[in-house]
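Here is what Swiss-Prot says about this protein:
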- 9-231: region 'Interaction with NR3C1' (REGION)
- 215-552: region 'Interaction with AHSA1' (REGION)
- 222-270: region 'Disordered' (REGION)
- 225-244: compositional bias 'Acidic residues' (COMPBIAS)
- 264-608: region 'Interaction with NR3C1' (REGION)
- 297: phosphothreonine (MOD_RES)
- 301: phosphotyrosine (MOD_RES)
- 305: phosphotyrosine (MOD_RES)
- 307: phosphoserine (MOD_RES)
- 399: N6-malonyllysine (MOD_RES)
- 434: O-linked glycosylation site (CARBOHYD)
- 435: N6-acetyllysine (MOD_RES)
- 445: phosphoserine (MOD_RES)
- 452: O-linked glycosylation site (CARBOHYD)
- 481: N6-acetyllysine (MOD_RES)
- 531: N6-succinyllysine (MOD_RES)
- 531: N6-methylated lysine (MOD_RES)
- 574: N6-methylated lysine (MOD_RES)
- 590: S-nitrosocysteine (MOD_RES)
- 620-723: region 'Interaction with NR1D1' (REGION)
- 694-724: region 'Disordered' (REGION)
- 720-724: motif 'TPR repeat-binding' (MOTIF)
């Protein structure tokens, strides 16, 4: 039975908190939590729920609003009293509601929340278990709740969390209808009385609540009055505060006089400081995602985007949609104009899509809501079906969320396709986010085809403009069965590469892929529109040939068979095989990689990885093939020399030099560049007619040994033998 205390006519009843609630409050008060600010979110969310209820009731019975038409939430900090007050004009509580809801009947979530807390859950989840009110004790030592329901008198609930609370009829200032929560803040929590802090917390957690949240602040302003009024005001103040030691001072900020001898002299004026109450609405940005897209202007979208992201520029594109049926949610998605500098920083928490459930903010870093490759998309998702008490663990298992995610990805791809029709804007988008699209091709097998339609590349025929793979296919020759591409560091480098010589000469278009991520992209993108993607830097390049060309190729293979064998013997393990090339025109030779090995570009990328796996590098790098150009005079002369004497040291020397030069021109790096340089210098001396013996006689220290170790050795295979 509650204990009754009589104070004159006022009856105060004391109740004990239900055991689980007392335990929860003890946990909240005695444990340190860093994000105490969530108490404000919870109290505002409760106020919003109460306003939702009265609004719903008023739909069937408009007279419910006779006790107050305006639906709003007010926040009133009072530094003198050290109180923070929240007032709403919601449905209010009856005495029975007060006793039951705030203390004697445990909500089903109380125990679950305590178990979650002890298991390491975050305090910010408190509202999701229906016990958000008690988060007030994170910052308050005492809480007073004054409430008025249409069906009952005005009551006051009060507790300092000592295991009990009191309820009494309240004969103070009538509040009409609704609830007033007065927090008597702890000494170390006065930051929540500061204008800046309150605004910051409301903006972070509650800026999209569907009712106006107004902050009431006592401020000072200067007022200009005449001397007579100043004297009167001063007199009044002195009378009011005559018992006070410190009397208010009227600040004289100067007087305006006219030195006119006329009778109409201007009255002397003084400036005094007066106090006034400033009212500022904190959530002017209403949840526009709940409105009809046809009624929203681009300016409104722009303002909303800026308030959501703190970006100073407008968005590039927007997609506003709702899904109805078995599942109901609304979403508003934006593409920014530029990529953030930390777009691919793994450790950084991305707060790009805010998740709301029925207009109440749940979280802003929900990985399950959008795949990583779309992490640049900003926006809001508001679900009608997710429970408010959703936790991160539950989200990971949520089937509803999986459906929402699928829809978001689909709508994002629609948005990209729409944007692609506007060449100018798509160019800006592609410059900023092409890496994301390529990452999507690598990761998202379901949407790979749609993503591949969004890719744009420079090609051997596109000039300064970029072209899509669809446009490439539309320009393909009748005999062409594949899409030819080359990967490299820059457009200039790949355009001048030996690999594209024959392909371009035959009139086939080559796609230039110059971003490191392209290497990963083409590993997954094997074909486009039924046409396979073929690298011109890998073995097995097949160009459409007529009978004459086939015959010529067979003759060349037979003619150069012995040279190929000899070159393979000289280079030994450096190459897997030496063959006749069908891709060279003006270059004597090139290095190609096996179909499944790394390209030169990929090898360069992998070597640059700080945490590379050396075991993988060993077998992926080993597959190099040397292709020689049968029509090149260097190769023809080398064949003749080899036919004459296959043990000629000069032949061996030239083969190694050709191989190393081909490595460089094909985009690979040399393991021992110094030896290669020495070999080149020696060639220069020969060309200039400088006698090697003279140099060695003058500088014995720089003498070259008579016999350089043989080329066949694993370690020293790249060293050059002395030229006779």
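For all residues, glycine too, the Cβ spot is worked out from N, Cα and C.
Feature map: Swiss-Prot annotations on the structure.
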residue : record                      : Cβ contacts under 8 Å, 6 or more apart
297     : phosphothreonine            : none
305     : phosphotyrosine             : 311, 314, 315, 318, 334, 378
399     : N6-malonyllysine            : none
434     : O-linked glycosylation site : 455, 456, 515
452     : O-linked glycosylation site : 441, 469, 525, 528
481     : N6-acetyllysine             : 531, 532, 544
590     : S-nitrosocysteine           : 498, 499, 581, 583, 584, 626, 627, 662, 665, 666
Under a criterion of Cβ-Cβ distance under 8 Å and sequence separation of at least 6, what residues of the same chain contact residue 301 (phosphotyrosine)?
288, 315, 318, 320, 334
One finds that other Cβ atoms within 10 Å of the Cβ of residue 445 (phosphoserine) number exactly 9
Judged by the number of other CB atoms within 10 angstroms, which among 435, 531, 574 is the least packed of the modified residues?
531
If you average per-residue pLDDT over the region 'Interaction with NR3C1' (9-231), what number do you get?
89
Local backbone state of residue 531 (N6-succinyllysine), from DSSP in three classes
strand
